[in-house]
Amino acid sequence: KLWRRSFDVRPPPMEKTDSRWPGNYRQYACEDPGIIPCSESLKDTIERTLPLWYDHIVPAMKHRKRVLIVAHGNSLRGFVKHLDKISNADIVSLEVPTGIPLAYELDKNFNAIKRYYLASDEEVDAAQAKLAAQGKSK
C-alpha cells in the first residue's frame, strides 16, 4: 500500500455509494457533497486543513484562548508537519499515536518550541510500534 506511507500518493478512490464515504454521515449533511473527497493523500489533507490553522486556531490563540484540536491520522500529521517544519520525505515515517494527547508549547509567533505526549515514553513507543506495523504484509 504505497499510499499509506507516501506524501502525495492517494489511495484508491471510494465510491460515493460506499457506506463508509464521509458524505453519507450525518455530521457532513451541511457540506456540499462536491467538496467531500473520495480519496485524499497527506498532501491533500494538509491543503484542506492548514487554512484552519491560519483562519481559526491562530486568531483564537492571539485572543489568549486555549485551543484543543481533536483530530486523527493525517489531519494530525499535517499539523505536526507544519508546526515542526518536517520535510515531505521525513513526514512519511512519523507515527502519531491514536488516543494519546500531544501537547505543544509555542512562541509568540506560534512557532513550536516544544512538543510532548501526555503519556509515558513506554506507552508512546508501544502505540507508535503498533501504528508502524499497520499495513505491513503478514
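Just so you know, glycine gets a Cβ as well, placed from its N, Cα and C.
Quick look at what TrEMBL lists:
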type	residues	note
BINDING	Arg4, Arg5, Gly73, Asn74	substrate binding site
COMPBIAS	1-19	compositional bias 'Basic and acidic residues'
REGION	1-20	region 'Disordered'
SITE	His72	site 'Transition state stabilizer'
In all the protein chains shown, the tally of other Cβ atoms within 10 Å of the Cβ of His72 (site 'Transition state stabilizer') is 10
How long is the line from the C-alpha of His72 (site 'Transition state stabilizer') to the C-alpha of Arg4 (substrate binding site), rounded to the nearest angstrom? 14
I'd like the per-state residue tally for the region 'Disordered' (1-20) from DSSP, helix first, then strand, then coil. 4 helix, 0 strand, 16 coil
Not counting Arg4, Arg5, Gly73, Asn74, residues with a CB within 8 A of the CB centroid of the substrate site are Trp3, Leu42, Arg77
If you draw a 10 Å sphere on the Cβ of Gly73 (substrate binding site), how many other Cβ atoms land inside? 12
Those binding-site residues listed as Arg4, Arg5, Asn74, and which of them has the most Cβ atoms within 10 Å of its own Cβ: Asn74
